[in-house]
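Written below as structure tokens is the structure these notes are about.
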Amino acid sequence: MAKHVVVIGGGVGGIATAYNLRNLMPDLKITLISDRPYFGFTPAFPHLAMGWRKFEDISVPLAPLLPKFNIEFINEKAESIDPDANTVTTQSGKKIEYDYLVIATGPKLVFGAEGQEENSTSICTAEHALETQKKLQELYANPGPVVIGAIPGVSCFGPAYEFALMLHYELKKRGIRYKVPMTFITSEPYLGHFGVGGIGASKRLVEDLFAERNIDWIANVAVKAIEPDKVIYEDLNGNTHEVPAKFTMFMPSFQGPEVVASAGDKVANPANKMVIVNRCFQNPTYKNIFGVGVVTAIPPIEKTPIPTGVPKTGMMIEQMAMAVAHNIVNDIRNNPDKYAPRLSAICIADFGEDAGFFFADPVIPPRERVITKMGKWAHYFKTAFEKYFLWKVRNGNIAPSFEEKVLEIFLKVHPIELCKDCEGAPGSRC
């Protein structure tokens, strides 16, 4: 009888894991559970907020797609996990038994600053991005000060930088940039830290970009409150300061959703309810449970004065998904080989008229290679990659062999590595 793998989550991590499993093992029973009926291309959510993309341009409906690849799709919220009984219970009360479980839910958003959820905007979901788009129309009609940034505990800083620079470009195009003072406030110890201690010359590059575009910045502070007309932050000396604001966009922090917490403290990290995994992204206690994506508990790479987390970018998530799929299939086939993701990353930050290209191998130091470049070519590269990735989703193969070969030739990157000892922190070398 075929083994049954249940994947919770229909984002990059869930889709990539399901497709990798299907391509590695055609007779495997796979069920994907997601409360969203679509796959959304997260890196394009800033563009959706700016009105540069339509929702249908960057999303793919899952119900007609997944059955084509013999993957059952359940469009419901997963309510709870019983790791001892090997079951997932959905919102309707349906109990689904599994042999292996992959948790790729994505995070629960935590709007930790007072008034953040009510008075600010976000670009972390398609729905939030569309709401932000409406708020921007109000700003264009009645310009005033803009404040963008990240609250304490954030691990995903890139979109905030991208959004600030894209908004500068849009305001300039509309001829109203001179009416909009812009300030960037972040919990990072310095600009371009990104939660990973910087990537090459990222500090200098981002500081130069902001200086050239007249965007003021305040780093190493904790945003405490966001009110309709101002942002209140606290410095390291405990002093509070205010910055006037007509429009704000602040990245929230992340924690694991309730379904992860329901599995208990051996699956959910008590501190943040993220999935506890080892180097091979397997839960150390329940060996048939794996984590993929933002919901995995990767420890911070360094202690910062204001708490920051480690980002999990698209390329990192694809590598997690590939490693997990190989590990599940090898376990089914009684093959002792285990794999860990390399956790290297290509990040392209779109600035509107040009873009920044960042490559870190691996993301978690010490690194073997780092590349930071900037130019109009990177802007077009990101647009092309968006279309390419959505093509991969529609065609049931997130990891085509030619892509792996291209990365190996040009960047000397191998997405996964054979791991003789999985019992270590995720991201640590085997």
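Including glycine, each Cβ sits where the backbone N, Cα and C put it.
What you are looking at is a predicted structure, and each value in this text was computed from that prediction instead of being measured.
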Disulphide bridge to CYS419 as given by Swiss-Prot, partner from CYS347, CYS430:
CYS430
Starting from the FAD binding annotation in Swiss-Prot that includes GLY9, GLY10, GLY11, VAL12, GLY13, SER34, ASP35, ARG36, THR42, PRO43, THR105, VAL294, GLY314, which of LYS172, LYS173, LYS224, LYS382 is the extra site residue?
LYS382
What does Swiss-Prot give as the disulfide partner of CYS280, choosing from CYS124, CYS422?
CYS422
Roughly how many Å separate the Cα of GLY11 (FAD binding site) from that of CYS419 (disulfide bond), to the nearest whole number?
26
Nearest by CA distance to GLY13 (FAD binding site): which of the recorded positions is it, out of CYS156, CYS419, CYS430?
CYS156
Count of other CB atoms lying within 10 Å of the CB belonging to GLY11 (FAD binding site):
22
Can you tell me which recorded positions out of THR42, GLY314, CYS422, CYS430 are within 10 A of ILE346 (quinone binding site) by Cα, answering none if there aren't any?
GLY314
Here are the recorded positions: CYS280, CYS347, CYS419, CYS422, CYS430. Which has the lowest count of other Cβ atoms within 10 Å?
CYS430
Give the residue from the binding-site residues GLY9, GLY314 that has the most other Cβ atoms within 10 Å of its Cβ, counting over every protein chain displayed.
GLY9
